[in-house]
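Engineer: Next up is a structure, given as structure tokens.
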Amino acid sequence: MDEVSPTKHFTSKPLLPTKTPRDKAISHYVNALNSPRNVVKTEIPECGIQIIDGDGNFASTDTRERPSLKNYILSKPEFLKRGMDYNAVGILGAQSSGKSTLLNYLFNTKFRILNEVMGRSRTTHGVWMALSGKESNIVVFDLEGTDGSAREDDYSFERKTSLFSLSVCSVLMVNLWSHDVGRFQASNMSLLKTVFELNLQLFVKEETPKTLIVFVIRDREADTPFDQIERDIMEDIMRIWDSVIPPEKFINSPINRFFDFQFTSLPHYEHFYENFVEEVNLMKKKFDPKNKETYFLPQYNKEIPADGLSCFCEQIWETIKDNKDLDLPSQREMLSRYRCTEISNQIYKEFNDSIKGEMKTLKKGNIIEEFKKIMTKEIDTAIEKYKEVTERYMESIVEEIEEQLKKQLYGLVESLFERQAELMEKAIGKRVKGEFTIIRNEYALLYNKKEFNPMKYQKYSQELSRTKAVIERDWRKQFDESVPKFLAEKTKEKFNSVCKDIGIAYEDAVSKMAEVMKQHFGDYLESTIKPKITPYLEACKKDMWKNIRNVINTQFTNGFNKLEEGFKTCSNMNKDTIEEEIKKSKIDILNIIKELVIKRKTELPYLLERKFNNIFRFDNKGLPRKWEPTDDVDTLYFTARDETEDILDMYCYFRIEENDDQFKFTINYRDGDLPSESIEALPEGADEDKIILNHQERKELIETLNEFFEKGYLIALREKENSEIKYQIPLYLIVLVIFFGFDEFIAILTNPLLFILTLIIGGGIYIGYKLNLGGVAKNYIQYLLSMSLSSTMEYLRTIPFFTPLIDKIWPKDDNKDDDSTEETQEETK
């Protein structure tokens, strides 16, 4: 087979003087992983690091001799920045064939080399790794030599290391001596067969990138043409390939589907040292990605991210070591999942740390301005950082973990927003209450009982509407500035809930203002009506309720038109609600008037007695009536009583409507005693709520009035009888008095002292007569005589001699004496 010459050259990305966003993200991630908590400080050996020891143990932890592979890579930030922009090269060959020496010359590594003085035992144990190049863009693997005496016939380890190198290396060098070409074992052809078989295993589930196998012929002999050596090796390769039993999927597949081959040779290291060094330097150029003839073509790159190399190598080796089927796609997926998860966790932690300031702000009860902008920026930064660091991993896994990371970040931000929303809701509620209260306090100053103008309330109604609109606008703005896009749907209910609360507070404020306006109107109307109806209540005339109704109707017509206008302009009430409120207000005002009437119940006995006296005991001029024998006491008495009862009847019922005048609550006394059922009975059709005097109160008042009426009537009859006696003195008696008393009359006239005394006594009697005080004088004289007689008898009763006689003619009766005395005193009054 002809030599495979490179058709493309692979150009690595140059390091720029300024860091790209991806470089910054990786640097940030590296710094986080290099923190004292994540890195164990172990001295980095100059000879590279043994990643797999001779017993097959992977360098997963730090030891005294070497760091773990992870920490070794983390100590190379330049390499970490490469992402997938690096190449891996490994070398296979017999033990002590100069593999490590060749690598040191090619890549400026410092792998330990053979010291022949110490013997030709194996120098490289297991697998060693080092970074090469000024930009650390080449990973060099030095594998333990094959066919060593230490392993004897145990080929399992070299098989495992070969499979490991195939999994991670873009270029695999096979180091063999020229004089071993043609020998199956010595030329590592048996190892090549293993490589071919293992590589087919790697291709079973998914085609992996090709591997370039470079045969390095050592100790070239001048008399053997190199082309012949190349043909011999290719013939051996084809025989080996034909002997390999491929999976069914790859039957009849050519070898160049899986491998590319190149050949080179070097002179003897010791005999032709200068030539060896010169040709090695020429060969070194082919390991420069910038060279057009480079070995590192893109199709050979295994696409393992630099920051995931340690994890990938460990997973690959553990799988190989456990003799499990190696599934590179699964391993890459596992690596991607592991690294993406690790990066995701680190970014989540950084995100959590970055918003601690906002957490403290919210914890203190302070709202974060532009919450949405801040959180969106933090989330975008975190996701961008995640994408930058994970861009070389499997896209499906990166996207899957990215979604998980977003959910974590969104969950954290959502918990912060819940607190933010709680504080905003509390603040907006406080603002609504405060501003509406200020407006309410302002229109409360309008209160004046003597004046009611609903137009003044309209200003504050408009102010409430304007304030509500401003608060709703500010709430929407604040909410929009606080709600991240991913929470928009979830928070609609919260937004609408607060808007609803604002509306409820506004309706409550309007309702309270309408209530204040209604109360203002009620007080105004009360203060207007009271002075106008009080005189009617005091006058106690038959047309009292008619006059009161006229006042109420007049005031209601004017007043409630104003109130209705106020409701229309200052509230959001509809027509039916306004009518209902007007109706309630009328009822309230009528109840106030009713209470005013009820309060006068205490004065009712005085008003009724005054009414009776004004008709019965005083004449039309308001002077005390002088009863003459011709006066009709009975007719006047019944007239006074009936009119007094009419007044009582007016106060029994709240006659605010015209048809209320038909109800009667008192009865005529002329038919005898008052039956109790006539008082307790409620007139048919009467409204119990309009009752002012209940049946018990009416009963007590009627009984009291009955006594008052009877006393007045008896006094009038007595005075009339006295006047009749005065007019019944016979004429002959007057003539006899003059005839027999003529001498005494002359004696009085001739005696100045008796004359003056007679004038005084006569004048007093005349005045008493003119003033109709005869009855009073009579009663008083009777009272004095009675008291004198009673005192005399009681005194004689104390003398034992007269006691029996006095007891017979003057029995002792204290109650009678008291009653007669009381009656005499009453008549005297």
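Including glycine, each Cβ sits where the backbone N, Cα and C put it.
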Engineer: Out of 22-46, 372-396, 447-471, which range is noted as coiled coil by Swiss-Prot?
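Structural biologist: That would be 372-396, the stretch labelled coiled coil in Swiss-Prot.
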Engineer: Based on Cβ atoms within 10 Å, give me the single least packed residue among the binding-site residues S96, S97, S100.
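Structural biologist: Candidates: the binding-site residues S96, S97, S100. Fewest Cβ atoms within 10 Å: S96.
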Engineer: Three-state secondary structure of K99 (GTP binding site) from DSSP?
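Structural biologist: Assignment for K99 (GTP binding site) reads helix.
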Engineer: Mean pLDDT across the topological domain 'Cytoplasmic' (774-829), rounded to an integer, is what?
Structural biologist: 65
Engineer: Same-chain residues six or more away whose CB lies under 8 A from the CB of K99 (GTP binding site)?
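Structural biologist: In sequence order, I91, L92, G93, T124, D142, L143, G145, N175 meet the Cβ cut-off.
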